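Some features that Swiss-Prot has for this protein:
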TRANSMEM  4-24  transmembrane segment
TRANSMEM  41-61  transmembrane segment
TRANSMEM  69-89  transmembrane segment
TRANSMEM  96-116  transmembrane segment
TRANSMEM  173-193  transmembrane segment
TRANSMEM  207-227  transmembrane segment
TRANSMEM  239-259  transmembrane segment
């Protein structure tokens, strides 16, 4: 059963990590539906399978990553505000670990996506390639990304919204968001392990860890490629609508008492 749970959670991680729909929210649903008690092993599992998603980004974008130093400098600049803000506010984030915050941010983010797309319907995008992104714009995207520290926001959603507001076309906004995930998720994972080194010692079931990691990697590769093709033809409004629907699903689950807005949120 443990291996089946690992497979399902790996699929959820790969499906939701890079779509602007909140991977945290879907992990809450997934672990609750499966009846998983989030003990020390599963905490380790959820951290380690994120590395599979990171590897997927490197796999898909390796040519762009190794074209030169410029993209790495922009990613460093983009990560800087996220890292600094994270250091200062990390100890205060526990106050936000509440299901009602997830509900609010899911719905709010969905509305923002819809409004931005409607406002940009007839506008020309100014930034149409990664090379055109300035260091100032990369820094601003990092500020937007830091909003993802609020549960339910979605890291990719926050950074994509930032890109759209700065005049990036949809594909460039998504690509830079995916690439910015590399330093962000690696350092966030390393920080989690630094804070709780016992997480690695708890990762003693190699088979489910391997299943989750490989599944997250494969699914994330497919999702990234699909998503980039999708947004080259369509806008983000479907994702906005989905977020709003999911937000109301969570509202019902918390309001009815099916989910506990406090304890079950802390994965």
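Positions of Cβ are set from backbone N, Cα and C atoms, glycine also.
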Exercise for review: Kindly say whether the transmembrane segment (173-193) and the transmembrane segment (41-61) touch, using the definition of 3 or more Cβ pairs under 8 Å where each pair is 6 or more positions apart.
Suggested key: yes
Review point. Relative to the transmembrane segment (96-116), which of 4-24, 207-227, 239-259 accounts for the most Cβ pairs at distances under 8 Å?
Key: 239-259
